[in-house]
Every structure is written in structure tokens, then in C-alpha cells.
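See below for the structure under consideration.
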Amino acid sequence: MYSSGWQQRLSRFFIIPQRVILAIMGFLAIMNAYTMRISLSIAITEMVNKTGSAAEPDDGVCPIDESANPEDFTGGEFDWDEELQGIILSSFYWGYVITHIPGGMLAEKFGGKWTLSLGILSTAFFTLITPWAVELGGSTALIVIRVMMGLGEGTTFPALSALMATWIPAKERSKLGSLVFGGGQVGTILGNLLSGVLLHNIDGWSSVFYFFGGLGVLWFVIFTLLCYSDPESHPFISEKEKAYLKQELGTLERDRTLPPTPWRYILTSVPMMALVCAQIGHDWGFFIMVTDLPKYMSDVLRFSIKDNGLYSSLPYLVMWIVSLSTGVLSDWLITSGRMTITFGRKLFTTIASIGPACFIVGASYAGCEKAVVVMLFTFAMGLMGTFYPGMKVNPLDLSPNYAGTLMAITNGIGAITGIIAPYVVGVMTPNHTLEEWRIVFWISFAIFNVTNLVYIIWASGEVQPWNTPHLMNKSVEAGDSSNVDVDPALAKKSVQSQDAIKQ
């Protein structure tokens, strides 16, 4: 056919394989999602009037540097107290948790391309109209806008997991998975850094939302032109890459005959519950840092807005580098037979839990030694980067067929901490003193370690039997899961899947 000819000619212009292009665009999707999500964390420090609201230096707040501009610490026009600010910052996650499971199911049923792209586009639209909404309706309108942004962005991780399950072979999973999920760190870096630059150089706070919303729209256009839900539907993938993916994945398209999601088995799966616990621990610590670190830098350490953006972004730069390097290391250790997938997931998750727990508590005892505090926060977030070759790619191990739903469950439940954490911080730090923040960090220390202990004991990196429920003798919706007999064909398929992952 003519179309086949031009499609193959077009494929020669792509030096990079299409699965890598998808991973890069997935990375940019999460990057854009995070810039739009966290830009308010910096902007709110300039939106809220801070004159007369802060404790005096001898009450547990660091003094302002003599060389600093006093106007950098007056804030803006809105009189929002700490509790209201906590509600505003958490409101994004009210919508975010709702669309996770629907997003995962839609991506598995219809493909991840449009589930992902339309979600990002809607978030970009609401980001662009944020200044208008705030001027019109104040804090109430801002809360509504943030909820709507969360609804749009809630499909991001489930849709990406579904796309990765149909595109990325098991032997490349840690590496490309770390690349994709590393977009969160880069988005946080750019969100904090560029927000600080924009707020420092442009009068008013609106420019932050216009800039990042515009980038989201641009990403949507490029993604919809370049990426597709599966290799079979891609019009200009090379025959060489098709053959490779056919060999590694066994199929080039989504299984459209897949039975309904086996909810009973998923929700009673011990490895799945362990994964959910690890996600809760990760998200609590991560959201505390992403949402409230800029406020800590501004209200306690008294950094200027420009320095706040710079130093708030530095920990995530190190986190991104660590996530990429340990992703490559994890793939090498697994494919060379030096450790099993299960041990690898547990090892890297443990590093990402214990390290940050210790360093963020240490930062709270460093007082006003700004360089030391920034260094300790940087170490903490750097070690958190090993979550990505750890528990973050674990849904793809447990069930490639239902990876979108698994990611929806884990990320959705974990995101509830995004609702709780900013509000708890707002309530516990009314005077934003070092002593108040120290208690917040000790709570994070406990959550990190308890959830990691659960993951160490019960997590798994093996494909679960319910990955192929149509091969089970009993109906997925009937009977006790502990008594289900497994068909020999299922056992053979599970062994083949696990062998493919271990290669």
C-alpha cells in the first residue's frame, strides 16, 4: 500500500526508537504536570501579605540577611492565614485522587494516548485562567480551579503506566521507567527555579501561571503528533523496532479481549497492599517537600524569592540525577543475575525511605545555618530518587495487563497524603517557627520507616496470577481467592513472563 511506503520512509527520519520517544514525551508530560502543580507553592509566598504575620527572629525564625531587599518579605495583597493556605495547597489533590482509577481503566480499555494528553491539556487550561479566577473570586475561586486541575492531572500516572506496559520491554523497565518518572523531579526543579526568576523580574504573580500553562498546551500538540497507544497502531514505527518489541513483549497491541479488572484479587493481594503502603510513605515525604519546602525557605530561613526558587529546586536536581543513575544500575544488577527483581525493588525503596527520613530531621536541627540546611535537604531528596527503580515501577512487575489500574490505585491512595500533609503543616505551623517544623519532620520520619518496613516484609517483583484472570478455572468475581486453582496454561504463562523480566 502507498501509506505503508511513506510511513516506512518517514520512520527513517527517526534515529531514536519510538519507544524511547514515547519515554521522552512521557518524561515531558510529568515535567509539565509538576510545573503546573507546584508553581503555586512559590507564587503563594508572593500572593499572601506577610507583614506582621511572622514570628520575630528570637521566636524561632531566622533573621533576614542584611544584604536582602526588605520588600522581598512583604508578600502580596491577600490576607490568607496559614490554615487557609494549607487548604489551598491541598485542594489540588481533592480532584487528583478522584480520576486515578477511571483514568487507569480508560487507558487500559481505549489506550493511554488520549487519556494522558487530554488530562494534561485540561490542567494547562485551568492553569492559564488561574489569575483571572483569583482576581474574580479570591481564595474560593482558587480552590475550585485547583480541584479542576487535579481532576485533569489525575489520569497522568495511570495512563503512562498503561502506555509503558505496551511499549517498554521488561529488560528496559527500570531505565526508561526512571526516565519517565524523573519528569517529576525536573518539573519541580523548573517549577521552583523559573517561578523564582519570573516573580523576581516581572511585577505581579500572574506570569507564573501563563508561562507554565502555555508550555502544557505546547506539549499536547507535539505529543498527539508523535505518540500512539501501542506499537501496532503507530504509523511510522520501523519494522526493526516492531520485530524487537514483538520478540520482547509477545504482542504489539493492547489485549482487547482482556477480562474486566479482577478487583477482588487486586484488593486482597498482599504484594499490592505492601506497594500501597510504600506509596503512602513516599508521597507523604515528597508532598511535604514539594508543597511546603518553599514556604519553609521563605517563612523560616527567610530566603528572598529569587533565592527561594533556586534553593528549593536544588534538591530535586540531585534527586533526578540519582533516579536516572540508579535506574540504569538496577537494570544491570537484575539482567546480570546479581539480584532478583523483588530484592532490587526492596533495596532501592529502603534507601529511598531511611535516607530522607534521617536527613530531613537533621535539617530541622541545623537551625539557621542556611548552607547546612540546604545541603541536608539536598541529600534527603537525592536519596529519595531511588524510589523510582524501586516501588515506582513495581506495578508493571505485578501485572503488565492491569498496570494502569494498579498505578491508579497506588498513586491515588498515596495522593490522599497530598490532601492531608499541607493542611497538617498549616495547622501545626501557625507561627512557622523551627520548633513547629521540627515536629512535622519527625512525623515524616515515622511514616517513612513504618511504611518501608511493611514493604520489606511483603513486597514482590513477580508477575501475579491475577494478571491473566481469564486463564483461571474459577470466575474472578466468585469464590475465595485463597482457594483459586490455577490452570496449567496460566502457570506456564506466568513462568514465561517472569523469565522475560529476569533476562
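Backbone N, Cα and C define each Cβ position, glycine as well.
In TrEMBL, annotation is done automatically, which means it is predicted and not curated.
The feature domain 'Major facilitator superfamily (MFS) profile' is assigned by TrEMBL to 18-464. Positions annotated as transmembrane segment by TrEMBL: 20-44, 87-107, 114-134, 140-167, 179-202, 208-228, 310-335, 347-366, 372-390, 402-425, 437-458.
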Contact set of the transmembrane segment (402-425) with the rest of its chain, CB cutoff 8 A exclusive, min separation 6+ beyond the ends, reads 83, 86-87, 89-90, 92-94, 96-97, 100-105, 107-108, 112, 154, 157-162, 164-165, 261-262, 266, 272, 275-276, 279-280, 282-284, 287-288, 291-292, 295, 395-396, 440, 443, 466-467
Given pairs 6 or more apart, does the transmembrane segment (208-228) have at least three Cβ pairs under 8 Å with the transmembrane segment (179-202)?
yes
Contact set of the transmembrane segment (20-44) with the rest of its chain, CB cutoff 8 A exclusive, min separation 6+ beyond the ends, reads 14, 85, 88-89, 92, 116-117, 120, 123-124, 127, 130, 146, 149, 153, 156-157, 160, 163-164, 167-168, 176, 179-184, 186-188, 190-192, 194-196, 199, 205, 208-209, 212-213, 215-216, 219, 222-223, 226-227, 290-295, 305, 308-309, 312
Do at least three CB pairs under 8 A connect the transmembrane segment (87-107) and the transmembrane segment (179-202), leaving out pairs fewer than 6 apart in sequence? no
Residues outside the transmembrane segment (372-390) whose C-beta sits under 8 Å from one of its C-beta atoms, at least 6 past its ends, are 174, 177-178, 181-182, 185, 278, 282, 285-286, 289, 293, 301, 311, 314-316, 318-323, 326-327, 329-331, 344-352, 355-356, 358-360, 362-363, 366
Given the transmembrane segment (310-335), its same-chain partners at Cβ distance under 8 Å and 6+ residues beyond its ends are 42, 171-179, 181-182, 185-186, 188-193, 196, 289, 293-294, 297, 303, 341, 344, 348, 374, 377-390, 502-503
Within the same chain, the residues 6 or more beyond the ends of the transmembrane segment (437-458) and with Cβ under 8 Å of it are 270-271, 273-275, 277-278, 280-282, 284-285, 288, 296, 300, 346, 349-350, 353-354, 356-358, 360-361, 363-365, 391, 424-425, 428-429
Per the Cβ filter (under 8 Å) with a sequence gap of at least 6 from its ends, the transmembrane segment (140-167) is approached by 18-19, 22-23, 26, 29-30, 33, 36-37, 40, 87-88, 91-104, 106-108, 111-113, 115-116, 118-123, 125-127, 129-130, 133-134, 173, 176-177, 180, 227, 229-231, 245, 249, 253-254, 395-396, 400-401, 403-408, 411-412, 415
